[in-house]
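Trainee: Got a structure here, written out as structure tokens. Questions coming.
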Amino acid sequence: MDTFLFTSESVNEGHPDKLCDQVSDAILDACLEQDPESKVACETCTKTNMVMVFGEITTKAKVNYEKIVRDTCRGIGFVSADVGLDADNCKVLVNIEQQSPDIAQGVHGHLTKKPEEIGAGDQGHMFGYATDETPELMPLTHVLATKLGAKLTEVRKNGTCPWLRPDGKTQVTVEYRNEGGAMVPIRVHTVLVSTQHDETVTNEQIAKDLKEHVIKPVIPPQYLDDQTIFHLNPSGRFVIGGPHGDAGLTGRKIIIDTYGGWGAHGGGAFSGKDPTKVDRSGAYIVRQAAKSVVASGLARRCIVQVSYAIGVPEPLSVFVDTYKTGKIPDKDILALIKKNFDFRPGMISINLDLKRGGNFRFQKTAAYGHFGRDDPDFSWETVKQLKPEKA
């Protein structure tokens, strides 16, 4: 049997890049909650004892940026310099301006345009992907890596493994076979977990606890065998972490946010962007399209691309490929997608309810992946049943 290995990684909410994604999206949530028409392009960077937020925000909302930064860092677990950042005593720098009026008139007509006339906030191309290898219709490598990361955070916060600290990374290698273009996972080949820890714990205890409390509850037993390789904190020491260990920046984990290296990526990040930014809204609608194709039984695997020009509502192109797994020709699937999904940015915002912020709606997306999550706030995960036209 011809098989191959494929690997995906994830990082925890305490990873400095992910900390920045969460701060940017917490600010987006705060703006949209008070003013659904907020225009937000918010970047965050961090290093030892410092978090800076900067970018362009036009909103009627009254937002305390410093409080949001500190609350987000504290919620992750950065409560002292020992763990990598002290949320209450670190420096918080804010450099936020209004959106350029040139962009505003071209995209929104200064709020005079109807939703269907609102132009894309920028040029770009985005991809959506779906595969029938998991119930989430997501790649197994990505699902396992992100769930391991989420479980690490869970056992840290609930006290099961008190030696854990917020920063951490996971990586999963799966052996697959290609079944006529569809991906069939056979077994987990390698599991890698590197987690920040305190000074008190031994490497033996780390390995034992990770196997018992993190790996065993997450990876289905049918995928593990006596050949599975485990690398558990292979560097031997990971006490210094978070922004103390590495600098962090919004938008540096775009593959973790999406499909773990499967499918394709147009390069645009999600966090800190309101829905007029097609980097985000375009990627969400093509995920819904690809997922709906697979969930409707029209293909076992599907990728959809959409592209935009700044200020233009209609997409420049829509592309679909089912990797030869389609039950009907790809051109017919493309016609169904165009008929059932409105790719104009103003209509994506309405149909996926993307102007609704607050209650951690977008902050939740900023750790452990934007897709394949079972949460009503992830409106783009809702399947539309697609039925081929009868000849």
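Backbone N, Cα and C atoms are what each Cβ position is placed from, and that goes for glycine too.
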Trainee: Using only what Swiss-Prot says about ATP binding by Asp167, Gly168, Lys169, Ser235, Gly236, Arg237, Phe238, Asp246, Arg252, Lys253, Ala269, Lys273, Lys277, identify which of His15, His370 is listed for that site too.
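Mentor: Record source Swiss-Prot; matching candidate: His15.
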Trainee: Quick check: of Glu56, Glu136, Glu204, Glu314, which does Swiss-Prot put in the same L-methionine site as Gln99, Asp246, Lys277?
Mentor: Glu56
Trainee: Note down the number of other Cβ atoms within 10 Å of the Cβ of Glu9 (Mg(2+) binding site), including every protein chain shown.
Mentor: 20
Trainee: I'd like the number of other C-beta atoms within 10 A of the C-beta of Glu43 (K(+) binding site), please.
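Mentor: Excluding its own Cβ, the number within 10 Å is 22.
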Trainee: By a simple count, how many Cβ atoms lie within 10 Å of the Cβ of Gly168 (ATP binding site), its own Cβ left out?
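Mentor: Result for Gly168 (ATP binding site): 27 neighbouring Cβ atoms inside 10 Å.
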Trainee: If you count Cβ atoms within 10 Å of the Cβ of Ser235 (ATP binding site), leaving out that atom itself, what do you get?
Mentor: 7
Trainee: Rounded to whole angstrom, what's the largest C-alpha distance between any two of Glu56, Gln99, Asp246, Lys277, listed as binding L-methionine?
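Mentor: Taking every pair of listed residues, the largest Cα separation comes to 30 Å.
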Trainee: What is the number of other Cβ atoms found within 10 Å of the Cβ of Asp246 (ATP binding site)?
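Mentor: 17, counting other Cβ atoms within 10 Å of Asp246 (ATP binding site).
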